[in-house]
2 protein chains.
Amino acid sequence: MNKIYNPNRKDWSKLLERPTKTVEDIEATVLTVFDEVKLEGDKAISRYTQRFDQVELKEVMVSSSEIEEAKLLVSNELKNAIKVAKSNIEKFHAAQKTEKVSIETVDGVSCWQEKRPIQKVGLYIPGGTAPLFSSILMLAIPANLAGCKEVVLCSPPNKEGKINPAILYTADLCGVTKICKVGGIQAIAAMTFGTESIPQVYKIFGPGNQFVTVAKQLATKFGVAIDMPAGPSELLVVADDTANPGFVASDLLSQAEHGKDSQVILITTSKGIIEKVEQEVEQQLLDLPRKEIAEAAIKNSKLIYVENDQEALDIINEYGPEHFIVCIKNEEYYVENIVNAGSVFIGNYTPESAGDYASGTNHTLPTNGYAKQYSGVNLDSFMKSMTFQKISKKGIKSIGNAIELMAEAEGLQAHKNAVTLRLESLKDE
Amino acid sequence: MNKIYNPNRKDWSKLLERPTKTVEDIEATVLTVFDEVKLEGDKAISRYTQRFDQVELKEVMVSSSEIEEAKLLVSNELKNAIKVAKSNIEKFHAAQKTEKVSIETVDGVSCWQEKRPIQKVGLYIPGGTAPLFSSILMLAIPANLAGCKEVVLCSPPNKEGKINPAILYTADLCGVTKICKVGGIQAIAAMTFGTESIPQVYKIFGPGNQFVTVAKQLATKFGVAIDMPAGPSELLVVADDTANPGFVASDLLSQAEHGKDSQVILITTSKGIIEKVEQEVEQQLLDLPRKEIAEAAIKNSKLIYVENDQEALDIINEYGPEHFIVCIKNEEYYVENIVNAGSVFIGNYTPESAGDYASGTNHTLPTNGYAKQYSGVNLDSFMKSMTFQKISKKGIKSIGNAIELMAEAEGLQAHKNAVTLRLESLKDE
């Protein structure tokens with residue numbers, strides 16, 4: 001692990017640099033798949049499913065009998081765990097509902113803001129050996145609370161043409177309206193253009209490999225919105241001697257096992273904890289099934305010592321971590337003053353994996369420093385706010401002249417006319 | 001004007017098609033400017049300002065004496081109009097503030113959501129003969145209410161190296177922290193990368209021509225967020241015999257004068273109003289200074305008759321207009337059931353230009369059908385929501401097992417370990 005003591009402020013941006021990926025070489029592939037799906041619809045989908053997933057499907061849509069079968073295959077223990085998570089996620093996201101905002105800005109001028117659901121959303125859930133059913137909880141639950149009419153889920157089939165039972169069980173539990181056996185670039189293309197069997201959607205959510213990431217970026221060129229730009233997962237822990245080094249190490253490792261490009265950083269005002277955490281990491285690493293991946297990520301990790309809390313906070317805000325764990329005596333200082341972070345985990349008994357699964361917060365968070373300007377997924381991600389205004393005769397008399405003057409100063413005479421006509425009609429009232 | 005009676009549902013998407021622009025030919029230019037600004041900073045800015053704005057500037061930053069001078073040049077009448085608008089916009093956007101959302105999802109698991117300001121934002125305001133100072137009101141006021149630390153404004157200088165006084169006056173009034181004399185692609189590039197004199201920002205807002213639009217799109221590739229994708233302005237009016245045809249015509253024209261590619265649509269359940277509005281449009285058009293522009297837009301406009309309110313509403317939701325005027329007896333039906341629109345204007349005395357300037361709502365709205373998935377600019381556009389969680393010993397004992405089971409089912413052993421270690425430490429408590 002790389003240990004850095006009192007880094008100079010001018011070196012911070014170099015020190016905090018994230019690994020950059022070049023995606024240009026896969027952009028051409030993504031564009032080709034998009035073109036073909038747009039042109040040929042289901043025919044292209046079927047061809048790419050054969051090529052990439054090595055299976056020929058008779059039917060893209062998951063049937064209700066497949067869902068019933070899946071329910072029998074998921075253990076009751078796991079079902080109960082999923083229900084615990086669902087209940088917490090539901091509570092926290094339901095609490096995010098906002099009322100209509102309504103005011104009369106001046107007498108006779110009523111303005112209000114209301115949020116209305118995005119009618120059609122698409123969720124992408126990767127397949128493979130690790131079925132990310134937790135991402136379904138994080139996306140389908142708020143989609144349903146928001147009132148989205150159509151919630152389409154795409155996930156790649158395995159070689160037997162099936163989707164993992166835990167994915168089907170969770171999707172059904174959370175009110176997904178359509179589940180499609182399609183993965184990768186072709187799934188994103190299908191939800192962008194729509195095919196004979198797969199509906200077009202207005203916004204696409206969910207994780208994926210670099211092909212899916214580039215495909216989501218491309219989708220935005222065709223008028224579809226996406227949840228947020230994606231990058232490798234990351235965790236920053238701020239700790240002092242009040243932190244449990246074993247717990248801190250376990251959190252760093254839980255991030256490191258995501259991928260070799262995962263980012264793991266410890267910031268501390270205690271030199272002692274650096275050594276202890278390093279030892280614990282080495283120890284715990286030995287038993288991990290995904291040891292090879294975690295080891296690579298840990299090699300690039302950084303343990304940074306700084307003199308005081310102010311310095312620590314500044315460096316953290318400069319980095320803008322996706323996940324931010326605070327295990328330090330002066331925790332209030334960090335919680336109050338952090339401005340750039342996706343989600344914050346406070347105290348020794350709040351592991352990052354709690355937020356990944358079951359505390360109630362959303363695990364779809366801004367990576368790559370995007371916490372500086374993007375929110376993590378929340379209830380509002382599935383809605384858009386619209387404004388309304390209704391002006392009475394009295395109201396237009398009151399603000400009409402200001403509009404006329406401003407429109408004229410901006411050289412927009414027809415804008416002025418629209419008010420002048422109305423004011424003239426009210427001259428004698 | 002194109003009159004269409006009872007269009008067949010299957011022809012709607014063709015009928016509602018927006019003019020598409022190809023931007024590929026200007027992408028290369030934009031990329032070149034970005035590369036040079038990134039590499040050479042102020043030097044490149046100066047070169048492009050000379051080339052595009054035909055002026056050599058000693059200083060990019062607007063000085064306080066220039067601002068004082070501008071204040072003397074704006075008429076008191078216009079200043080007062082701007083203050084009326086400011087007051088209303090401030091009231092409406094301040095009302096959008098949301099409280100911290102805080103709940104205990106289960107005993108010992110506290111989760112909360114807070115919004116914190118984006119620290120650095122950039123506003124782009126076009127120059128030219130029509131100084132769009134109203135856009136400063138719409139952007140700088142919520143930026144300040146949100147608490148953004150740095151609010152940078154870029155606007156191109158004229159050939160004398162000056163910025164329009166109304167722009168400087170409004171920027172100063174609304175608390176812009178830095179005003180830079182730089183326009184076009186080079187302004188967007190400067191705010192994306194930062195130069196010696198122009199600060200880098202995290203999110204860029206504001207209108208612009210197609211070069212600015214493409215530059216903003218490109219900025220997102222370099223980690224900067226933008227307010228929303230842009231397209232030509234558009235207005236849809238739904239009206240029946242209770243509408244005043246002269247008012248409706250004036251609203252259609254106020255949209256049409258924006259540009260030849262502006263979109264203007266009337267939907268009605270009354271055949272009579274179509275003829276009356278058409279006559280009024282022809283009449284009012286004669287006196288407009290921007291007649292040529294408005295005429296071209298009107299030529300492409302559509303007057304569509306449908307049988308009933310349900311049909312009208314469906315076609316409107318399919319289109320997703322930026323501005324939606326409701327002048328119809330059954331107004332409640334439309335207000336309650338519209339799901340895809342940027343801003344809604346209700347009744348005969350609510351011209352669209354009221355929202356452009358002074359009602360209090362924001363005029364930065366989704367065009368091009370983006371109302372289906374994007375909000376207009378509002379207070380939240382200048383903030384991001386962060387989540388927090390704090391779990392007690394009791395809390396982790398309560399949800400720990402669910403996390404362990406789910407992490408294991410997803411094949412993420414280190415995620416499980418982070419919980420297991422904590423649960424083991426609490427065995428005897």
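Please read every residue number as a count from 1 along the shown chain.
Cβ coordinates come from backbone N, Cα and C, glycine included.
The following features are taken from TrEMBL:
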- A:123-145: transmembrane segment (TRANSMEM)
- A:Tyr124, A:Gln186, A:Asn209: NAD(+) binding site (BINDING)
- A:Ser233, A:Gln255, A:His258, A:His323, A:Asp356, A:Glu410, A:His415: substrate binding site (BINDING)
- A:Gln255, A:His258, A:Asp356, A:His415: Zn(2+) binding site (BINDING)
- A:Glu322: active site, proton acceptor (ACT_SITE)
- A:His323: active site, proton acceptor (ACT_SITE)
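Where TrEMBL records a feature, it is marked here on the structure.
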residue	record	Cβ neighbours (10 Å)
A:Tyr124	NAD(+) binding site	27
A:Gln186	NAD(+) binding site	28
A:Asn209	NAD(+) binding site	16
A:Gln255	substrate binding site	31
A:His258	substrate binding site	22
A:Glu322	active site, proton acceptor	26
A:His323	substrate binding site	27
A:Asp356	substrate binding site	29
A:Glu410	substrate binding site	20
A:His415	substrate binding site	30
Rounded to a whole number, what is the top Cα to Cα distance in Å among the residues the record ties to NAD(+), namely A:Tyr124, A:Gln186, A:Asn209?
13
Filtered recorded positions (A:Tyr124, A:Gln186, A:Glu322, A:His323) by Cβ distance under 8 Å to chain B; hits in sequence order, or none, are none
Whole-number Å distance between the CA of A:His415 (substrate binding site) and the CA of A:Tyr124 (NAD(+) binding site)?
45
Could you tell me the C-alpha distance between A:His323 (substrate binding site) and A:Asn209 (NAD(+) binding site) in angstrom, no decimals?
20
With an 8 Å cut-off on Cβ-Cβ distance and a minimum sequence separation of at least 6, pull the same-chain contacts of A:Ser233 (substrate binding site), or say none.
A:Gln255, A:His258, A:Gly259, A:Ser262, A:Gln263, A:Glu322, A:His323, A:Thr367
Please find, for A:Ser233, A:Gln255, A:His258, A:His323, A:Asp356, A:Glu410, A:His415 as listed binding substrate, the greatest distance between any two Cα atoms, in Å.
55
